[in-house]
Amino acid sequence: MSRGPEEVNRLTESTYRNVMEQFNPGLRNLINLGKNYEKAVNAMILAGKAYYDGVAKIGEIATGSPVSTELGHVLIEISSTHKKLNESLDENFKKFHKEIIHELEKKIELDVKYMNATLKRYQTEHKNKLESLEKSQAELKKIRRKSQGSRNALKYEHKEIEYVETVTSRQSEIQKFIADGCKEALLEEKRRFCFLVDKHCGFANHIHYYHLQSAELLNSKLPRWQETCVDAIKVPEKIMNMIEEIKTPASTPVSGTPQASPMIERSNVVRKDYDTLSKCSPKMPPAPSGRAYTSPLIDMFNNPATAAPNSQRVNNSTGTSEDPSLQRSVSVATGLNMMKKQKVKTIFPHTAGSNKTLLSFAQGDVITLLIPEEKDGWLYGEHDVSKARGWFPSSYTKLLEENETEAVTVPTPSPTPVRSISTVNLSENSSVVIPPPDYLECLSMGAAADRRADSARTTSTFKAPASKPETAAPNDANGTAKPPFLSGENPFATVKLRPTVTNDRSAPIIR
């Protein structure tokens, strides 16, 4: 394909402009993209390092397992191998920055200046040569015009030959300049592309070596890694032997087995005794809902010796919900006979009414406790005479001592504060009339208490007469002796009641 000098000249100039207007700006963009690539790879290497550090930590956890120790070591080795490969990749990308990014940055600044100067020099020389050629051609035309109308033709002919030679030499010179300029421009362009290819080939060689090194390293370790996780349900022989020993233990106990403490053994004996009792006895009904009614005169029927056990029993009942095993341990520590059931004696009559889960009894009856623990003021026991079982208020009974007789004891004031303190002078043989207990009618009791408080405000100088010991008082419906002052007058006219604050879960506070 033949081209004229002007066409070649245009190709030369377009080549220079292509380098300056397309290649160099593209190179600048490539440098920016390469820097972003570097940042991404560095971030990937850091993230990979953190990831494989986590793999190593999990491997350390696995090494503590009796069946996964080998897998733990494999995880640690995988972590170290990949971190080593990441370090090698980091070194390769340092070369990428040094051999490509840094070199391109250095070349681009120099090349812009060089290409501008080269193109300008080419255009200037081409213009000068072209002007010289045109000037010689103009002189040749002038000589030819003069020689045509002149008589001395030989004189102009000699000059014409000289100008023709000059024009020819200058045409050859300018053509050679255009050809050399075009070649130089194309080579300059090629050198730049070649430089870019050469730098990336060098980096590719580093990456190739990195991949060969990685493949060699992974090929030497990967089969052994895969072998450790082929059978996930395989248990090491040592662990299997240990499991078999646990399945078939020897006849002699292990010397290092801890023995139970004596207190726990005694608590277990008590618990077994209660379990045996619950198995042999019929099914126990649930305790009534609500707290049992507490008689305000209960302490008057307790001996000093029995008042403390009663208070202890109330205290123990309040702490029952906290820890049953503790109360059983305390019962054992107090010396109670575990094999002997506790008995109580009734001090007030009690009527069950229509509730089949409650127990009815009269005053002075003996009840065997089937459950020695109170539940909200209720006890569960069996009547010694009727053999009936049921729940009853604990405040209607007192502990039965072995040497206690059936005689009525003298009521003594309780050492602990009671809800009301009477100033009536009661004789030793007289007894207080006890109203029929009915714990279900709390509202009627509250009204009766209000009426007694109103009657206490009236001023009366009545004093209860002492009953004669030689005359026996008749019994009322409750089984208690009828006092001689039941003549319709108020026996508690001189009683002054102190204001109290009653809390169902605590003793009254006297102000």
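Here the Cβ of each residue, glycine as well, is placed from N, Cα and C on the backbone.
Among the features that Swiss-Prot reports, domain 'IMD' is placed at 1-249. Across the domain 'IMD' (1-249), mean pLDDT in this model comes to 87.
Per Swiss-Prot, the feature coiled coil maps to 115-154; the stated evidence is sequence analysis.
In this chain, no residue six or more apart from THR248 (phosphothreonine) has a CB-CB distance below 8 Å. Under the DSSP three-state reduction, THR248 (phosphothreonine) is assigned to coil, being neither helix nor strand. Marked as phosphothreonine by Swiss-Prot: THR248 (among others).
Residues or ranges marked as phosphothreonine by Swiss-Prot: THR257 (among others).
Annotated region 'Disordered' per Swiss-Prot: 302-328 (among others), in sequence order.
Per Swiss-Prot, the feature compositional bias 'Polar residues' maps to 303-328.
Sequence annotations record features per position, and here Swiss-Prot assigns phosphothreonine to THR412 (among others).
The feature region 'Disordered' is assigned by Swiss-Prot to 451-511 (among others).
The region 'Binds F-actin' annotation in Swiss-Prot covers 483-511.
Here the coiled coil (115-154) has Cβ contacts under 8 Å with residues 9, 12-13, 16-17, 19-20, 24, 160, 163-164, 166-167, 170-171, 173-174, 177-178, 181, 184-185, 188 of the same chain, all six or more residues outside its ends.
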